[in-house]
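Peer 1: I have a structure I would like to understand better, so I am pasting it below and will then ask my questions one at a time.
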Amino acid sequence: MTQNVLILPGDGIGPEIVTEAVKVLETAKQKFNLNIELDNALVGGAAYDEFGTPLPEVTMQKAEKADAILLGAVGGPKWDELDDRELRPEKGLLGLRSGLELFGNLRPAILYPQLADASSLKPEVVSGLDILIVRELTGGIYFGQPRGIRELENGERQGYNTYVYSESEIRRIAKVAFESAQKRGKKLCSVDKANVLEVTVLWREIMNEVAKDYPDVELSHMYVDNAAMQLVRAPKQFDVMVTGNMFGDILSDAAAMLTGSIGMLPSASLDKNNKGMYEPCHGSAPDIAGQGIANPLATILSAAMMLRYSLNESAAADAIEQAVSNVLDQGLRTADIYSDGMKKVSTAEMGEAVVAALANA
Ligand SMILES: NC(=O)c1ccc[n+]([C@@H]2O[C@H](COP(=O)([O-])OP(=O)(O)OC[C@H]3O[C@@H](n4cnc5c(N)ncnc54)[C@H](O)[C@@H]3O)[C@@H](O)[C@H]2O)c1
Ligand SMILES: CC(C)[C@H](C(=O)O)[C@@H](O)C(=O)O
Ligand SMILES: [Mg+2]
């Protein structure tokens with residue numbers, strides 16, 4: 001049966017990095033005889049410019065029908081001044097996540113040994129690093145109601161958001177995290193702010209309750225401020241971390257730098273049936289867009305995750321990850337992961353090198 005993959009390039013460096021990931025997917029398709037069909041649609045600022053909305057109906061319909069989605073990135077200064085916040089590019093991304101109920105966000109931070117020099121930390125602190133951040137993606141303060149900016153009686157304005165999680169929302173992300181930990185090092189650290197926020201007191205309570213169903217997984221709890229510090233001090237103490245939407249957003253960008261660059265961190269956003277959207281953790285990088293220097297590897301690795309989690313093509317996924325390792329062995333580096341003695345390459349050169357390594361594997 002043909003599996004349909006929707007490609008959403010988005011904005012900024014999005015189209016540049018997605019072009020390379022699509023080349024890699026097309027190569028995998030031929031090499032592994034995959035029965036996949038690729039389609040395209042607009043999201044984010046590109047969709048706003050064309051349709052006046054960051055998530056047009058036609059994109060949502062295609063996304064609903066697709067077996068998996070590969071997205072570049074959305075947003076940029078061009079749209080930051082839009083008065084109606086609902087029309088901003090980021091709303092297109094959030095609309096896809098919540099509309100498709102992609103609550104389980106997996107963000108693996110793995111240090112390729114070849115990039116030990118590029119990591120922000122000393123080699124002995126990061127060598128062998130392999131962490132999985134499980135981020136709740138469709139709830140928490142990102143989606144809680146009420147929200148907005150209101151006028152107070154004294155005439156000044158007040159901005160407000162609401163941080164809420166229901167028991168069922170916590171339970172379902174807990175299950176994703178415990179099951180992930182079972183398949184890995186069997187250690188799960190739940191990150192919260194239960195010393196201050198009631199919503200995370202409940203989070204901690206439910207984590208403890210769900211833990212009873214996974215006696216082989218060792219559960220610990222950590223406050224988010226300490227977790228940020230520990231990620232930078234001694235990241236290898238972690239195996240799987242689970243946390244809410246906003247803390248996960250922040251901690252995953254911090255974890256990215258341990259792997260050498262935000263351009264190395266892929267992600268999967270899954271619903272309860274493992275249908276998913278795959279995207280690099282980074283944004284549209286307006287500061288380097290159009291220069292052909294962005295690192296496409298996080299997007300290429302996201303395509304590998306897509307083959308593994310949603311399309312059941314793990315041999316092709318393994319081969320893409322091996323091809324990425326091979327190009328790093330060859331000394332090829334985009335500017336963000338460059339170090340002395342390596343060969344600096346463009347976005348397209350990096351993509352083509354992965355294609356060649358995959359084709360010759
Ligand atoms: N998933 C997404 O679509 C997503 C994620 C984060 C931010 N954004 C949006 O992107 C825009 C820019 O946000 P930002 O600047 O805070 O974050 P960003 O991740 O776009 O960029 C942060 C820094 O990392 C660098 N960088 C990011 N990706 C890179 C890559 N592949 N290769 C090399 N360097 C890379 C950028 O050049 C920049 O210096 C905003 O509109 C934001 O809302 C979108
Ligand atoms: C662009 C933005 C809405 C998004 C988020 O905050 O989730 C991004 O930072 C991410 O990490 O995917
Ligand atoms: Mg982010």
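Positions of Cβ are set from backbone N, Cα and C atoms, glycine also.
Straight out of TrEMBL:
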DOMAIN    4-354  domain 'Isopropylmalate dehydrogenase-like'
BINDING   ARG97, ARG107, ARG135, ASP225  substrate binding site
SITE      TYR142  site 'Important for catalysis'
SITE      LYS193  site 'Important for catalysis'
BINDING   ASP225, ASP249, ASP253  Mg(2+) binding site
BINDING   GLY283, SER284, ALA285, PRO286, ASP287, ILE288, ALA289, GLY290, GLN291, GLY292, ILE293, ALA294, ASN295  NAD(+) binding site
Peer 1: Name, in the order they occur in the sequence, the residues of the same chain whose CB lies under 8 A from the CB of ARG107 (substrate binding site) and which sit 6 or more residues away.
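Peer 2: Counting only residues 6 or more apart in sequence, the Cβ neighbours of ARG107 (substrate binding site) under 8 Å are LEU132, ILE133, VAL134, ARG135, GLY248, SER252, ALA255, LEU265, PRO266, SER267, CYS281.
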Peer 1: Reported as an integer number of Å, what is the Cα distance between ARG97 (substrate binding site) and ASP253 (Mg(2+) binding site)?
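Peer 2: About 19 Å separate the Cα atoms of these two residues.
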Peer 1: When you measure from the Cβ of ASP287 (NAD(+) binding site), which residues in the chain that are at least 6 apart have a Cβ under 8 Å away?
Peer 2: none
Peer 1: Would you please pick out, from the binding-site residues ASP225, ASP249, ASP253, the one with the fewest other Cβ atoms within 10 Å of its Cβ?
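Peer 2: Among the binding-site residues ASP225, ASP249, ASP253, the sparsest Cβ neighbourhood within 10 Å belongs to ASP225.
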Peer 1: When you measure from each Cβ to the nearest atom of ligand 3, which of the recorded positions ARG135, TYR142, ASP249, ALA285, ASP287 fall under 6 angstroms?
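Peer 2: From ARG135, TYR142, ASP249, ALA285, ASP287, counting a Cβ under 6 Å from ligand 3 as near, the near ones are ASP249.
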Peer 1: With H, G and I counted as helix, E and B as strand and the rest as coil, say where DSSP puts GLY283 (NAD(+) binding site).
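Peer 2: SS state of GLY283 (NAD(+) binding site) = coil.
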Peer 1: Far apart in sequence but close in space: which same-chain residues, 6 or more away, have a Cβ under 8 Å from ASN295 (NAD(+) binding site)?
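Peer 2: Long-range Cβ contacts: ILE17, SER261, GLY263, MET264, THR334, ALA335, ASP336, ILE337, THR347, MET350.
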Peer 1: Counting Cβ neighbours within 10 Å across all chains shown, tell me which of the binding-site residues ALA285, ALA289, ILE293 comes out on top.
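Peer 2: It comes out as ALA285.
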Peer 1: Are there binding-site residues among ASP249, ALA289, GLN291 that sit within 10 Å of LYS193 (site 'Important for catalysis'), Cα to Cα? If so, list them; otherwise say none.
Peer 2: none
Peer 1: Give the number of CB atoms, excluding that of ARG97 (substrate binding site) itself, located within 10 Å of its CB.
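Peer 2: So the number of other Cβ atoms within 10 Å of ARG97 (substrate binding site) is 21.
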